[in-house]
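Copied from TrEMBL, the annotated features are:
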TRANSMEM  7-25  transmembrane segment
TRANSMEM  45-69  transmembrane segment
TRANSMEM  89-111  transmembrane segment
TRANSMEM  123-144  transmembrane segment
TRANSMEM  156-177  transmembrane segment
TRANSMEM  183-207  transmembrane segment
Amino acid sequence: MNYTYKQIWLINFPVMMSILMEQLINITDAVFLGHVGEIELGASAIAGIYYLAIYMLGFGFSIGLQVMVARRNGEQDYKETGKTFFQGLFFLLGLAIFLYLLIHTVSPFILKKLIVSSDIYRAVILYLDWRSFGLLFSFPFLAIRSFLVGITHTKALSWAAAIAVLINIPLNFYLIFTRELGISGAAIASSLAEMGSFMMLFFYMWIRLDKEKYGLRPVYNGNLLIKVLKLSIWSMLHAFISVAPCIVKKYFQNERDTEGLFKKQSYVLFRKQYSGID
C-alpha cells in the first residue's frame, strides 16, 4: 500500500500529541505549583525529571514492541499482532509494579544523598509518593499506543492526549488550591490524568477494534516475550540514559540554597522538555 503525505501526517500527528502529553502534564504541574512556592516548584522540577527517567524505561520498551507489531501487521499476520501486544502489555504491567515499589523503597535513600535542602527533599518525596501511582496506567497506555501505531489506528491517541490535559488542568486547580494539597495535589492530578487517557484507549480498543481479526485474547508466550525484550532492551537503555544523567549533572551539583535550586531546576526542566538538549 502506498501512503500519501496526507495519510502519513494523519497517522503521525496523533502519535506526536500522545508523546507531548507527558510533557504537558509536567508543565501544567509546574505552572500551578509556581503559585504555591519556590520549594514546591523546585521540587516538582526534580521529581518530574526523576519520574521521566523512570518512565523512559517503559517508553523504550514500547518502541521495540511497536516495531514487532508493525512487522506482523505489514506481513498481514494480524493475529500475531494481538499476541505480540499482550506479551508487551504483561511485561510493562510487571515493570510498572516493580518500578512503583522501587520508587517507594529505594528512591528516598538515593534522593536523601543527592538533595541538599531538607525542605525540597520532603517535597520531592511527597510528589513521588503519588506520582509513581501513574506508572500503573502510563505503562499499559504505552503498550496500547504501540499496538495502535503498529496497526496504523492512531486517531484515538489525539483524544487520549486531550483527555489527559483536560483532566489534569481542573484537577490541579481543585486539589492544589481548593483542597490545599499543594505538591501532593499536583501529583494526584497527573496520575489521574494518565489513568483517564489509559481508560480512553482501553475502551477504544475494546469497542472499535476487531478482536477476532487482531487476535486480542490474553495469551502468554514466553518465547515471544523474549524476542520482544531482546529487540527492546537497547531502546530502553538509550531512552533511560538520554535523561538520567541530567538528574546528576544539572540538578544536584553544588546546590546550596532553595532559590538557586529553584531557578536552575526549572530552567533545565523546560529546556529538556522543549529541545531535548542536555
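Cβ atoms here come from the backbone N, Cα and C positions, even for glycine.
All annotation found in TrEMBL is predicted automatically rather than curated by experts.
With pairs at least 6 apart in sequence, the transmembrane segment (7-25) and the transmembrane segment (183-207) have 3 or more Cβ pairs within the 8 Å limit; the two touch. Contact count against the transmembrane segment (89-111) (Cβ pairs under 8 Å) is highest for 45-69, out of 7-25, 45-69, 156-177.
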